[in-house]
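Engineer: For reference, the structure I am asking about is given below.
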Amino acid sequence: MFMTLSMPSHAIVIVIVIIVIIIVTFILLSYIDNQQRLDTPLHKEKYNVAESNAVKNNEQDVMQPILNELEKDNDNFNDNFDSIHPEDISWELIEKFKVDYDDHFQPIVSPWDVSKSWVNSREIFPDVVPELGMVLKSMANEPVIYADIAPRGTQLKLLLVLKGGQKVLFKPKWFERDQVIEGPPYAGQDRHNGEIAAFHLSRILGFRRTPLTVGRYLNLQTEVIPVASSRLLDTFFYKDNDTCFYGKCYYCKGKESGVCAQKTILEGTIVLWISHKMQLYRHPWGRTYIDNKQAKWETDAKFCDKVLQTDMYKLGIRLLDIIDTSVFDYIIGNADRHHYETFHEFPDSMVIMLDNGKSFGNPYHDEYSILAPLYQCCKIRQSTYDQLKMLKNGILSKVLEAVLLFDPISPILNKFHLRSIDRRLHQLLTTIDNCVKEQGMPNVIISDEKLIPEKHVET
């Protein structure tokens, strides 16, 4: 009643072997896929592009189409650099921007006079300058002859005077490199390593509007306390055999807000003091920093039109400086640009990129509202645009990583922050591409030669 099927023994063996191969292949592919996910926490499922409150504008949602494009993660942006091999560009730029801290260059004048001679209305240091390593090395090693409380600011920092009379700011280490800062995009204390990364990133992007910055280890007992002012000394204390201080600032509330060295050694960042008198302005796209209260730009998709009606911005250079700064801030994740400074004596002064400590806090979060000046005005300098295109496809992170290796307190950024800057650069280019599609290349990409310097405006 039952039919028995029989197969040759060799056929059975072949079938079994095929089944085993299929099973092993499936297991291997699953393992590889899992490892890729573990090694790539910045996969599009693991990070988010933050929607600004401007998305919730009642009638005109200008951000949402752009956000949709970013989430698709397409790479269809056409440019003139596709035929150039990224490796060639990377090595060329690494050679250009790496800093020789061991350079034995002996200047005729002091390093401080050298750095002062670089400053002009449009840059703080030149594009290529062999003495940069000498100046940064001096900042990281010259003896401290005086230490005091920093004169202004909301964050704890020291004002130091180095041998030769040069003032610098010292921003202490608060966080380990791998710590992720949660909360609002401006949350947490300053990241000292972020200041260093921001300085070198400004060089690579071609802005050169940030003060010179370098890492340094300070011995509080031998380098600071013997030369400290009485008001700074009054804030020193000891905790578990560690030397600590709390200084004086808006958020400095006593010992509970103090920073502690490891025994006596405190890691931090030295920022070169710029002696030029500066003019302070409120940023048009500044935040309110008040819960449930939005700034005008967050609810008005046409906000840029109002900005362009003011004398300060209607001629172009100052507005494009603001947009350059938003590009810079978006890449580093700095959402705390509530004011900005320019040089008082220069009518055509750049917007100076000061105070970049609120950067590189969360590599998994992209705060798209930082780019409001760009996506609301849909304008960008030709030189900035060309530089961004050249640095895509992983070139930017590769060059920055190599340059940062030479800093005295390296490593500066972990791999997740390095990946985040490439991702944000791609999103930047997508945003510009959308503007070009809507308004045309001539209306979006502004030639540097056509810009007219603004007149000095008092506030």
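Cβ coordinates are placed from backbone N, Cα and C, and glycine is handled just like the others.
What TrEMBL says about a protein is an automatic prediction, not a curated fact.
According to TrEMBL:
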- D336: active site (ACT_SITE)
- Q155, K171, E341, D355: ATP binding site (BINDING)
- D190, D355: Mn(2+) binding site (BINDING)
- 236-444: domain 'FAM20 C-terminal' (DOMAIN)
- 12-32: transmembrane segment (TRANSMEM)
Engineer: Checking the spread of the ATP site as listed (Q155, K171, E341, D355): what is the longest Cα-Cα distance, in whole Å?
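Structural biologist: Value for the max Cα separation, rounded to a whole number: 20 Å.
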Engineer: Averaged over the domain 'FAM20 C-terminal' (236-444), what pLDDT does the prediction give?
Structural biologist: 96
Engineer: Rounded to the nearest Å, what's the C-alpha distance separating D336 (active site) and D355 (ATP binding site)? Just drop the number here, would you?
Structural biologist: 9
Engineer: List nothing but the one residue from E341, D355 whose Cβ has the fewest other Cβ atoms within 10 Å; the candidates are the binding-site residues.
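Structural biologist: Result for the binding-site residues E341, D355: minimum number of other Cβ atoms within 10 Å at E341.
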Engineer: Which is it, of D190, D336: the one of these recorded positions whose Cβ has the most other Cβ atoms within 10 Å?
Structural biologist: D190
Engineer: Give me the Cα-Cα distance between D355 (ATP binding site) and D190 (Mn(2+) binding site), rounded to a whole Å.
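Structural biologist: Checking the Cα atoms of D355 (ATP binding site) and D190 (Mn(2+) binding site) gives a distance of 9 Å.
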Engineer: Long-range same-chain neighbours of Q155 (ATP binding site), Cβ under 8 Å, sequence gap at least 6?
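Structural biologist: Same-chain residues close to Q155 (ATP binding site) (Cβ under 8 Å, separated by 6 or more) are K171, Q189, D190, C249, Y250, Y251, G357.
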Engineer: May I ask you to report the DSSP-based helix, strand or coil state of D355 (ATP binding site)?
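Structural biologist: Once the DSSP labels are grouped into three classes, D355 (ATP binding site) ends up as coil.
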